[in-house]
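> Below is the structure I would like to discuss, written out as structure tokens.
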Amino acid sequence: MQTRLLRTLLSLTLSLLILSMALANRGCSNSSSQLLSQLQNQANLTGNTESLLEPYIRLQNLNTPDLRAACTQHSVAFPSEDTLRQLSKPHFLSTVYTTLDRVLYQLDALRQKFLKTPAFPKLDSARHNILGIRNNVFCMARLLNHSLEIPEPTQTDSGASRSTTTPDVFNTKIGSCGFLWGYHRFMGSVGRVFREWDDGSTRSRRQSPLRARRKGTRRIRVRHKGTRRIRVRRKGTRRIWVRRKGSRKIRPSRSTQSPTTRA
């Protein structure tokens with residue numbers, strides 16, 4: 001009986017996974033720059049504590065310096081910014097995707113424990129934002145021809161889901177506050193890493209041989225009223241075009257003479 005139930009659950013999970021991937025494929029952009037811009041904006045939004053942590057602190061009456069300090073001291077261990085920077089792009093995307101999946105689970109647990117009234121609409125907004133980020137992360141991996149590698153789960157925990165003992169309400173509130181604080185900090189790190197992706201691509205374009213060649217070439221145009229036009233291009237040598245009124249165009253192959261001498 002248990003084996004049949006496990007098989008049914010596994011089949012349902014795989015079906016939902018395939019459906020979510022199909023929906024993500026249908027809604028994916030073909031522009032990497034557009035996806036990167038969206039991910040940066042989404043990370044900035046979710047990294048802002050006003051989107052979730054601050055409303056939670058006010059709702060749970062934790063808005064004192066000591067209680068705020070307790071939140072940071074009980075923060076949940078998310079992947080650090082230095083760790084994220086050292087990851088390859090595929091592994092980074094996989095880590096973000098998997099971590100946000102865990103965050104969704106913790107938010108659902110948080111709702112069940114505390115928020116049985118519609119007094120915390122920010123929670124639903126945060127959930128929709130996370131789903132949007134995960135979709136764009138999947139699309140970015142697909143656009144880069146990378147499969148989302150699922151990394152080994154890190155040893156993290158959340159005050160919203162600790163159930164080894166029956167904690168008092170206050171400690172549970174502090175634990176959940178620490179989880180939200182760690183989540184915002186993680187998303188801020190994700191946004192900074194995504195901005196480094198953008199800076200790296202811009203720097204690569206600036207340092208391309210074509211741009212360097214153009215940068216080393218200088219054009220100077222000199223016009224004399226009604227008589228002649230001189231166009232000079234310099235990069236080691238100088239070419240001069242002289243056009244006189246009523247005469248044909250003269251184009252020397254190479255010259256180091258001044259326009260005045262040739263005229």
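Heads up, the Cβ atoms here are built off N, Cα and C, so glycines get one too.
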> From the ranges 195-217, 241-263, grab the one Swiss-Prot calls region 'Disordered'.
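When 195-217, 241-263 are checked in Swiss-Prot, region 'Disordered' belongs to 241-263.
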> According to the record in Swiss-Prot, which candidate from Cys71, Cys139 pairs with Cys177 in a disulphide?
Cys71
> If you count other C-beta atoms within 10 angstroms, which of the glycosylation sites Asn30, Asn44, Asn145 is the most crowded?
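Result of the Cβ crowding comparison: Asn44.
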